[in-house]
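Database features, via Swiss-Prot:
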| type | residues | note |
| --- | --- | --- |
| TRANSMEM | 20-42 | transmembrane segment |
| TRANSMEM | 77-99 | transmembrane segment |
| TRANSMEM | 124-144 | transmembrane segment |
| MOD_RES | 185 | FMN phosphoryl threonine |
| TRANSMEM | 212-232 | transmembrane segment |
| TRANSMEM | 239-259 | transmembrane segment |
| TRANSMEM | 265-285 | transmembrane segment |
| TRANSMEM | 291-311 | transmembrane segment |
| TRANSMEM | 315-335 | transmembrane segment |
């Protein structure tokens with residue numbers, strides 16, 4: 001009788017890629033539902049359109065590469081990328097933008113570098129940056145949350161606006177839900193007000209803010225935080241990167257707020273505005289484009305958090321996670337090289 005000799009642990013549980021992706025997608029659903037509740041049906045339409053484009057592009061590329069189409073589609077990676085792009089862009093953005101961004105993410109960013117497990121950059125964030133740089137007006141046009149808007153677009157109106165059909169529906173109907181409210185996000189509004197000489201306290205009196213956070217965005221971030229905690233409980237991701245992102249952003253924003261409270265947003269505003277929780281738990285934790293060692297993951301996450309604060313306060317794009325994640329992706333190989341775990345019985349050198 002032959003015995004297989006192997007080191008512990010002897011009982012392991014291997015999660016397939018498709019299982020991990022399914023868990024991530026399921027944990028995204030609470031945030032998606034809350035986002036749709038505040039910003040209308042457009043978000044759901046964008047997500048469904050992105051999924052259709054992503055699966056089509058994935059199948060086409062696999063066909064050209066003579067690979068197994070069914071296996072590639074069933075790993076759910078393309079679907080996850082599509083959902084992340086769909087929730088990141090404004091809900092009423094034109095249909096061709098989500099098509100362009102999703103196709104770019106799947107064909108160029110993912111498969112041009114070799115496919116799943118070989119891409120250097122996060123596909124969803126690379127697509128977001130492409131759209132933001134190419135079409136800044138459309139990518140910064142968010143409607144007012146339903147709780148403060150006089151009229152929120154219905155499903156039919158959302159479809160008409162996204163696909164540009166129906167002459168009686170236009171974006172102007174949702175531009176000013178309440179007096180003085182533009183179609184900018186709370187982070188955009190705060191940055192614009194500060195550049196005009198207003199203090200943080202004066203800016204926060206506007207109706208788009210609810211105390212120290214943006215209307216609707218606090219609950220959206222809270223929903224993504226809840227989904228992220230479930231994701232940690234399911235062990236689909238590790239805690240290092242998410243903790244690093246939130247700690248890096250919290251420490252940097254706390255220092256800035258303590259030094260200049262009149263010209264800086266509070267740490268609570270930074271943590272629960274924009275895509276903070278979505279990025280911390282669902283984007284930055286992409287194992288392909290992140291650092292690999294435990295210490296390296298913490299450094300990687302902290303780098304993202306600090307970069308987000310710097311870009312939000314000094315740069316031109318208040319919700320800076322896409323740029324921060326891509327810059328950290330570039331640094332991941334260097335972090336892995338210089339922060340290598342010590343092998344037992346060997347020196348660190």
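Placement of Cβ uses the backbone N, Cα and C atoms for every residue, glycine included.
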Of the stretches 20-42, 124-144, 239-259, 265-285, 291-311, which racks up the most C-beta pairs under 8 Å with the transmembrane segment (77-99)? 124-144
Using a Cβ cut-off under 8 Å, which residues of the same chain at least 6 positions beyond either end of the transmembrane segment (315-335) come close to it? 88, 120-122, 125-126, 128-129, 132, 185, 187-188, 190-191, 273-276, 278-279, 283-284, 289-291, 296, 299-300, 303-305, 307-308
Are there any residues at least 6 positions away along the chain from residue 185 (FMN phosphoryl threonine) with a Cβ closer than 8 Å to its Cβ? List them or say none. 140, 142, 214, 217, 273, 274, 318, 319
May I ask you to check whether the transmembrane segment (20-42) and the transmembrane segment (265-285) make contact, with contact taken as at least three Cβ pairs under 8 Å and only pairs 6 or more apart in sequence counted? yes
